[in-house]
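Feature annotations, courtesy of Swiss-Prot:
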| type | residues | note |
| --- | --- | --- |
| BINDING | Phe27, Asn129, Phe329 | substrate binding site |
| ACT_SITE | Asp80 | active site, nucleophile |
| DOMAIN | 155-303 | domain 'TRUD' |
Amino acid sequence: MTEFENLTWLHGKPQGSGLLKANPEDFVVVEDLGFTPDGEGEHILVRILKNGCNTRFVADALAKFLKIHAREVSFAGQKDKHAVTEQWLCARVPGKEMPDFSAFQLEGCKVLEYARHKRKLRLGALKGNAFTLVLREISDRRDVETRLQAIRDSGVPNYFGAQRFGIGGSNLQGALRWAQSDAPVRDRNKRSFWLSAARSALFNQIVSQRLKKTDFNQVVDGDTLQLAGRGSWFVATSEELPELQRRVDEKELMITASLPGRGEWGTQRDALAFEQDAIAQETVLQSLLLREKVEASRRAMLLYPQQLSWNWWDDVTVELRFWLPAGSFATSVVRELINTIGDYAHIAE
């Protein structure tokens, strides 16, 4: 299995180094739900600005403040402790009056707004995230500038970031140990983290192998394609290849790669053979996903950061701004720019 730091680069390995996240203010994330609260209902959506607090800690504190069980507070995604983040929490408070959130006191946190909502906010139920990152101690400004222009035009690999695999790859190692044991894993969080790490590692491997081909973004017979910004996909046939290629070149369609698991992978013929060959050596992880009945799915191979802009504060410091759809990793953008000083796995997204 190829380690995250050695996965194939779309724009070649960066020439220079730099520092990501010297302090929390260098990594700012603003959650974009993609909808506005209903204004009525038994749930309350609370938008919180936090610095130095992880999401679960804040959710538990909010539950205590509202005098409800911790399971009644949900969120769409985990946000990093060591960053400045804005995100929405959702509390189920049927039959209760609107609380006075000005009385909610938690160091590093501030309630920005709140409103009633009809539905629970579930994990993954957000449109995306807006990022503002500051990269420091950059050793090669010219190379980074060239890469930013290339990323604006051609995107980056849609890799799952090192955070998915845990500090030192602990989640992936856990998955491997579990796969080779008959002992059940009863901890739901561990099960979720380990299965997610296993499937993500296989996806990354497939994408990395495809990027080694000079024509990696050329549609082949049996590829599965996805409308940009949509979840559904369809299979390419040989008769359609010229027209489908035109739509891929115009970024209207995206070539996808497999999230392996139980059931059909989606690809057929030439594309399926390539994906199977790319992870043929990873039988242990594939067997785990089948044993635990994880359903196969698809994910776009490339990621195009939206609203990408940058501002050089000086020759060694640049501020980046961009928006990514839910499930994408800012660190997968950064790894195409610089060889980072520090451990990606400490940055949750």
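Backbone N, Cα and C define each Cβ position, glycine as well.
As the structure is a computational prediction, the values presented were derived from the model and not from experiment.
Asp80 (active site, nucleophile) sits 9 Å from Phe27 (substrate binding site), taking the Cα positions as reference. Mapped onto DSSP helix, strand and coil, the domain 'TRUD' (155-303) counts 72 helix, 24 strand, 53 coil. Mean pLDDT for the domain 'TRUD' (155-303) in this predicted model: 94. Summarising the environment of Asp80 (active site, nucleophile), the number of other Cβ atoms within 10 Å of its Cβ, over all protein chains shown, is 20. Neighbour count (other Cβ atoms within 10 Å of the Cβ, all protein chains): 25 for Asn129 (substrate binding site).
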